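This report concerns only the one structure given below.
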Amino acid sequence: MYDSMSSNRSEPVVDRRTFMRTTAATAVTLGAVGTLPTARAQTEIEFESWFEGVENYRGVVDMTGESTVTVAVGAEGNGGGFAFEPAAVRIDPGTTVVWEWTGDGGLHNVVAEDGAYESELLSVVGETFDHTFDGEGVSYYACTPHETIGMRAAIVVGNVLVGSSVSSFPEPDFGTWFDDVDNYAGTVDATGLTEVTISVGSAGNGGNFAFEPAAVRIDPGTTVIWEWTGQGGTHNVVATDGTFESELLTEQGESFALEFDGDGISQYVCEPHAGLGMKGAVVVGAGGQYETTLTPLGMAVVGGAALIFGIPFVYALYSHYKELGDQATIAAAKQAARTPENVVVDTETSP
C-alpha cells in the first residue's frame, strides 16, 4: 500500500502517553515519510471484516491534529495482553505512530498486511517501534504470533471512509476533566453494544494508572463492565457525584458492572490515583450537560423494588465478579444482582 516508508525502533521514553495526544517531549526517531494512497471503496469492505473477532475494537478513535500518536502493544484484550490499544485510530497525513510495548502477553510484533513495515518481536515494557504515514488510506496490521486470536488493528490516514465505524456524535464538552489524563483520546463510540468493557489499571499516567478507554459513549440500557488488569496496585471505580462506588480491588480479572439508563455524563475516578490522572467518563445517550444530575423522571419495578430513573441513571449495581466463565454463568450473576437486596439506588441530585 506504500510507495515508501520509514520505521524505527527506539528506547523507552519516560512519561510517553500510551494512547493519545502526545507532547513535544515524546522522543522518536523520524525517517523518510511513507506514502499511503487513497483506497475508498476497498477500504469500506475490508474494514468491517478486519475487526471481526477483535474484542477491544470499539470504533475509530479520532487523533487528528497530533503530530505523534502512541498505540499500546500488549494491552488487555482478546483473552489477555493480546491487543493493540486503540485498535483503530484516525490520524492526519504526516503523523508518526509510535507503538509502545506494555510487557504483557509475551512476544509481540507489528506487521503491516501489505508488508510496508515490520517490527522485531519484542517483549520488554517500554520498547518502541515507530512509523510515519503520509497520503490517505487505511493501513491494516497485526501481531504475527497472536493474529488469529484477535490481535489486529488499523491506522486510518486522512478523510477515508471506513463504513459505520466512525461516531456521528460531536465530542462532548468535558470542560477540564481530562486535562491531566494522558490516555484520553476522545470519546470512543460504543453505541449499539449491549455490554462495554473498560480496563482498570491500563498503561497510562506514568504507570498502570488509567481507565481504557478513558471516555466511552453508550446507549441507554447498556451494561458497563470495569475489568481489572492486575497492574498498578489497588484501584477502585468511584463516581464523582456519589452514585456508585466499587470496592478497592487488585487482582487480574476482578470486575465491577453497572447498567446505565437516561441521558447524561457520568464522571468517575480511581480514588488512590485520581491525582495522577486516573479518571474516566461514561456518556449515556446524547450526553446532556457536563454537570451530571439525577433528576427523578419516573418509576419502574425490578424484582419487587421500586427504582427511580435519573439522568443518567444507574439502576443495577452488581457485586464484582471474578472469572465467571461462560456467558450463561455471567448472565445468571447479573440476574441475581437485580434482586432487591443487591439493587443500589441514589436519588440525590448532584450539586
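Just so you know, the numbers here start at 1 and follow the chain as drawn.
Cβ coordinates are placed from backbone N, Cα and C, and glycine is handled just like the others.
It should be emphasised that the depicted structure is a prediction, and the values quoted were computed from it without experimental measurement.
Secondary structure at H235 (Cu cation binding site), as computed by DSSP, is strand. Feature annotation from TrEMBL assigns Cu cation binding site to H235, C270, H273, M278.
Under the heading domain 'Blue (type 1) copper', TrEMBL lists 74-157 (among others).
If you look up TrEMBL, you'll see 203-284 (among others) marked as domain 'Blue (type 1) copper'.
The annotation transmembrane segment is assigned in TrEMBL to 297-318.
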If you take the centroid of the Cβ atoms of H235, C270, H273, M278, the listed Cu cation site, which other residues of that chain have their Cβ within 8 Å of it? V200, G201, F209, A210, F211, G232, N236, V269, E271, P272, A274, L276
Between H235, H273, which of the binding-site residues has the fewest other CB atoms within 10 angstroms in the structure shown? H273
Please compute the mean pLDDT of the model over the domain 'Blue (type 1) copper' (203-284). 93
